[in-house]
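Following: one structure in structure tokens, then a few remarks.
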Ligand SMILES: Cc1cc2nc3c(=O)[nH]c(=O)nc-3n(C[C@H](O)[C@H](O)[C@H](O)COP(=O)(O)O)c2cc1C
């Protein structure tokens, strides 16, 4: 097996990340709340040796939101259920640092990690949607403040997960000693945003701690990832852009005294696959037909703070939107505007391309084509230091995942970049990451383990 095995996550986003995927014949129209469909897709991914399933989330909807957003499962609930219905695949769920409490979150993900035998990860997001505040009885914090809150939030959660030493619970029936109080650690955290006494009311989990994913690509996002994250989910973009981002994150991790190999980077992509180039283009046309131009404009507005794009002429250059989006999905909206400017695209072109190809998580032009070409490109991204794996957000989860498993994975397996069997039993095992020792366990050893070899990383 190649040491460059490509890691894969699959977004279980209802029918798929194309906003109108629900209209495609390869999925049930109610996929977003169809538990059997979630289980079937998760098991398919598991049997193919993919590393994890991923649940994105949001906390505000309105009448123009994507159909999937209007009626979907809450991430912790669906992951808990999937934990019981699967046995090897990792379970990654999104939860907001701006609209939840660290104590509750630490319990929830600690519990899923235990229930699943060490397969849980939390995707920490700061919540870009301004309307979320109106659902949570508070003012929506701006971009900078959200990241300050997130930093303290992650500190609290990771410390709570170390509330108990690994051997704190003795459960000695004979003597009646349930636990050793000297192995319990109260937190007593007092910061600008959180006051948390602790300890957490659940023991350390099979991975030591669940993994942390981070999704947010501004400088503040990268800094947060460098400090705390095991994995980063990012927009795809071009190979060169992905290489720059990859280096930035690894360098930032190194600057925090971490081993850069211990932070895995997953550009998002929604491959459009065919047995031949022509078959892939046909698939793309088929996906395009799921959307009207009004749908595509609504899709775009999601990344620009619900801006109404219907007021602009469709076939004129993409409008200059100034700071719009800065306080929401900043890195994504900046990327869309930059591409539009650089390639001189019209509003119609940007809307259609964003809605069909970029599909929320990054560019997919590179990954539209024959299975042979897609496999080759993926290998190139891994070998040339642009990614450790990919977050697969198939435009349509039915035929998309099937095509990937049937057509692309066999090629990757033959070239030594994939194995139908995941490594080990925990998600950390799958990624080759070490068990997460408690800060109280062997402080000196833990520090040494993270010490950065001079030329570590790719
Ligand atoms: C690839 C990617 C995926 C994201 N997924 C989610 C999500 O599922 N839910 C959510 O509320 N925010 C999500 N976000 C938003 C971020 O958490 C963050 O609030 C936003 O991108 C602004 O931060 P940034 O400028 O650092 O990217 C995502 C961002 C990126 C780049």
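Positions of Cβ are set from backbone N, Cα and C atoms, glycine also.
Residues or ranges marked as domain 'Luciferase-like' by TrEMBL: 29-291. If you take every residue in the domain 'Luciferase-like' (29-291) and average the pLDDT, you get 96.
Residues near residue 147 (FMN binding site) in space but far in sequence (CB under 8 A, at least 6 apart, same chain), listed by position: 126, 216, 220, 221, 223, 224. Secondary structure at residue 147 (FMN binding site), as computed by DSSP, is helix. Here TrEMBL flags 57, 94, 143, 147, 218 as FMN binding site.
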Candidates 57, 94, 147, 218 (binding-site residues) with CB under 6 Å from ligand 1, in sequence order, are 57, 94, 218
Neighbouring CB atoms within 10 angstroms of the CB of residue 143 (FMN binding site), all protein chains considered, total 16
